[in-house]
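K.L.:
As annotated in TrEMBL:
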type: SIGNAL; residues: 1-31; note: signal peptide
type: DOMAIN; residues: 33-277; note: domain 'Plant heme peroxidase family profile'
type: DISULFID; residues: Cys43-Cys120; note: disulfide bond
type: SITE; residues: Arg70; note: site 'Transition state stabilizer'
type: ACT_SITE; residues: His74; note: active site, proton acceptor
type: BINDING; residues: Asp75, Val78, Gly80, Asp82, Ser84, Glu94; note: Ca(2+) 1 binding site
type: DISULFID; residues: Cys76-Cys81; note: disulfide bond
type: BINDING; residues: Thr200, Asp253, Asp261; note: Ca(2+) 2 binding site
type: DISULFID; residues: Cys206-Cys241; note: disulfide bond
Amino acid sequence: MAPSNSRKLNFLLHCLIVCLAFVALINKANGQSLSPNYYDKSCPAFKSTVKTVIDDVMSVAKSLAGPLLRMHFHDCFVRGCDGSVLLDTPNVTEKYGPPNLSLRGFGVIDRVKTAVERVCPGVVSCADIVALVAKDVTVATNGPSWEVEFGRKDGKTSLLAETINGNLLPPSANINALKQGFLNKGLSIKDLVVLSGSHTIGTSHCSSFDNRLYNFTGKGLNNDSDPKLDPNYVVNLKKKCKHGDQTTLVEMDPGSFKTFDKEFYTLVAKRRGLFHT
């Protein structure tokens, strides 16, 4: 008998734990030796300090969980998980690349770093902080947990150009581009599918899917929306997003975007995924 949809979704959620851990370990391919016990002697309070800050942030701003998880993903897919997304030189570093202009949560990372520096000055890398924060915000939203390994070194090179050369794909990317992008990182198509489930705690600016609602064919026609979208969903989205809106945020998993669940897959199956991807 074929497995039920519920069993399939549970399997995908289980796979997500594995894939998130795999992304966090990309640095091993870069010659770094990582261990979950890396800071046990040099900074035994590291994990608890991070958790205390994240628990406090999540108690008042759970909507930042998605952005903080996304930051880790964007960091890992450019030069590995080296914290280079944090380097701040306008119009030069990754932070200012088009895919990263909508990243949020840098202030939270600064807050965590400050707290960690108080207990262990000059010991913990920013790259490891970003990795642990990603896990902690996922757990804080009732999502899966995984063992984070530490020992990453902070990258000193960060180039805007490397965010637009295929490392970070846009929301409009087709399936072939997505598959190739993941294969380039040693990830499979299954990894692509299950990691997409992280969008369950995500939000998006209207500008990221504006073309799916307005003038989809580019012919300037009325009611020219992406036919792959549920028409009723299009109506609801247009109420929230006027053509050209650059600031409004929309939940990718309406009603439960602050909870890490399997509903995102259900919505995609119902043609209610925000992105073309």
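Cβ atoms here come from the backbone N, Cα and C positions, even for glycine.
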K.L.:
Distance between His74 (active site, proton acceptor) and Cys241 (disulfide bond) at the Cα atoms, whole Å?
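P.N.:
That comes out at 26 Å between the alpha carbons.
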K.L.:
Hey, which of the binding-site residues Ser84, Thr200 is the loneliest by Cβ count within 10 Å?
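P.N.:
Output over binding-site residues Ser84, Thr200: least Cβ neighbours within 10 Å is Ser84.
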K.L.:
Can you count the other CB atoms that lie within 10 A of the CB of Cys120 (disulfide bond)?
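P.N.:
So the Cβ neighbour count for Cys120 (disulfide bond) comes to 16.
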K.L.:
Mind checking which of Asp75, Asp82, Glu94, Asp253, Asp261 has the fewest other CB atoms within 10 A of its CB? They're the binding-site residues.
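P.N.:
Selected from the binding-site residues Asp75, Asp82, Glu94, Asp253, Asp261 on minimum Cβ neighbours within 10 Å: Asp261.
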K.L.:
Between Gly80 (Ca(2+) 1 binding site) and Cys241 (disulfide bond), find the distance joining the two CA atoms and give it rounded to the nearest Å.
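P.N.:
The Cα atom of Gly80 (Ca(2+) 1 binding site) is 35 Å away from the Cα atom of Cys241 (disulfide bond).
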K.L.:
Helix, strand or coil at Asp75 (Ca(2+) 1 binding site), per DSSP?
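P.N.:
Looking at the DSSP assignment, Asp75 (Ca(2+) 1 binding site) belongs to a helix.
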K.L.:
Please report the distance from the Cα of Thr200 (Ca(2+) 2 binding site) to the Cα of Asp75 (Ca(2+) 1 binding site), rounded to the nearest angstrom.
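P.N.:
That separation, Cα to Cα, works out to 20 Å.
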K.L.:
Which one is closest to Asp261 (Ca(2+) 2 binding site) in space, judged by CA to CA distance, out of the binding-site residues Asp75, Val78, Ser84, Glu94?
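P.N.:
The smallest Cα gap between Asp261 (Ca(2+) 2 binding site) and any of the binding-site residues is with Asp75.
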K.L.:
Does Cys206 (disulfide bond) have same-chain partners at least 6 apart in sequence with Cβ under 8 Å from its own Cβ, and which are they?
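P.N.:
Within the chain, Cys206 (disulfide bond) has Cβ neighbours under 8 Å at Leu237, Lys240, Cys241, Lys242, Asp245, Gln246, Thr247, Thr248, Leu249, Val250.
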K.L.:
Given Glu94 (Ca(2+) 1 binding site) and Asp253 (Ca(2+) 2 binding site), what distance in Å do their CA atoms have, once rounded to a whole number?
P.N.:
28
K.L.:
Check each residue in the chain of Cys43 (disulfide bond) that is at least six apart in sequence and keep those whose C-beta is under 8 Å from its C-beta; list them in sequence order.
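P.N.:
Residues satisfying the criterion: Val116, Val119, Cys120, Val123, Val124.
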